[in-house]
Amino acid sequence: MQIEKVMVVGAGQMGSGIAQVCAQAGYQVYLNDLKEDIVEKGLEVIRKNLNRQVQKERMNEDEKEGILARFIKSTDLKDAGNADIVIEAAVENLKIKMKIFEELDQYAPEHAILATNTSSLPITEMAAATKRPEKVIGMHFMNPVPVMKLVEIIRGLATEDEVYQAVEEMTERLKKVPVEVNDFPGFVSNRVLMPMINEAVYTLYEGVATKEAIDEVMKLGMNHPMGPLTLADFIGLDTCLYIMETLHEGFGDDKYRPCPLLRKYVKAGWLGKKSGRGFYEYV
Ligand code: CAA
């Protein structure tokens, strides 16, 4: 199964990062979103990241231009007709993702793999929206994509071995480390990470310590690069809440109950770094 042409659906923070590492690895990349200005914004972030690499003399101007020349802007899912793999990185909403998968299944060539970057939603259910469940797989990148080494590869119930192998090889070509996981809510990464973040929010809610103290304990005591509340702001509090709800609903266990303070912040529109305010304020 030869992968050369990639389509990334969603040009936001995750989608643009995925597109960047694919183009850097030599793939031709269709970067797709609903509107051209969103695609252009994603490309602008990529250009900035590449310029930084040039400044740090890790890449020369020609290499940068070569990478940028591998992008094709797309606002039509029909462009999936040119792809060997489509990596969906749209909004974390199962209904929307299932609709995208249904459409991609119509347009993508028969051999094409349909992958999703979902952080916790069921791969098997998305696969069921297509007539090729054996070619559907999870490819969960971490934020910031250009920096983080892990790709959690999630097998749906019907995922073929050949598809898994092809995605594993592609991940290695992206200079990332693949880790195989089965399809359960939150997979491994968010099943372990989000309850820790949620517990950090509870310690703040219950007045155990200040936000700065909670973050300092985890940074200095556990050697985490960011404290859990800073990390929650970085991920987005709406995303954290959504993943906790997915775990709570998926396992039906109260140990995954989202902290009321997390709900309150999301209701206030305090979504973290992207909205300018979360547990901390950003200027
Ligand atoms: N895009 C590209 N590169 C970036 C970047 C971005 N958004 N942010 C930072 N970098 C690069 C910097 O350019 C720098 O590169 P060089 O070393 O080559 O100069 C390097 O990363 C380190 O950056 P900084 O020195 O500015 O800051 P730092 O040392 O604090 O590192 C960090 C920043 C890598 C984000 C680090 O704080 C970290 O690892 N934080 C935790 C991140 C994490 O846990 N991510 C997973 C989130 S969960 C998730 O993604 C899954 C989900 O489903 C929710």
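Using N, Cα and C of the backbone, Cβ positions are placed for all residues, glycine too.
Listed in TrEMBL:
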BINDING   Gly10, Ala11, Gly12, Gln13, Met14, Gly15, Asp33, Glu92, Lys97, Ser119, Asn143, Lys274  NAD(+) binding site
DOMAIN    5-183  domain '3-hydroxyacyl-CoA dehydrogenase NAD binding'
DOMAIN    186-282  domain '3-hydroxyacyl-CoA dehydrogenase C-terminal'
SITE      His140  site 'Important for catalytic activity'
Would you kindly give the Cα-Cα distance separating His140 (site 'Important for catalytic activity') and Gly10 (NAD(+) binding site), rounded to the nearest Å? 14
Near ligand 1 by the Cβ criterion (under 6 Å), the binding-site residues from Gly10, Asp33, Lys97, Asn143 are Asn143
Output, ordered by sequence, the same-chain residues six or more apart from Met14 (NAD(+) binding site) with a CB under 8 Å from its CB, or 'none'. Ala89, Asn117, Phe141, Asn143, Val145
Any idea what DSSP makes of Lys97 (NAD(+) binding site), helix, strand or coil? helix
Candidates Gly10, Gly12: member of the binding-site residues with the richest Cβ shell (10 Å): Gly10
To what whole number does the mean pLDDT across the domain '3-hydroxyacyl-CoA dehydrogenase NAD binding' (5-183) round? 97
Distance in Å spanning the most remote Cα pair of Gly10, Ala11, Gly12, Gln13, Met14, Gly15, Asp33, Glu92, Lys97, Ser119, Asn143, Lys274, given for NAD(+): 22
To see if you understand the setup: which same-chain residues, six or more apart in sequence, place their Cβ under 8 Å from that of His140 (site 'Important for catalytic activity')? Asn117, Thr118, Ser119, Val151, Glu152, Ile153, Ile154, Phe187, Ser189
Using Cβ atoms only, which residues of the same chain lie under 8 Å from Lys97 (NAD(+) binding site) while being at least 6 residues apart in sequence? Glu88, Ala90, Val91, Thr116, Thr118, Leu121, Met126
I'd like the number of other C-beta atoms within 10 A of the C-beta of Asn143 (NAD(+) binding site), please. 16
Per DSSP, how many helix, strand and coil residues does the domain '3-hydroxyacyl-CoA dehydrogenase C-terminal' (186-282) have? 67 helix, 3 strand, 27 coil
Per DSSP, three-state class assigned to Met14 (NAD(+) binding site): helix
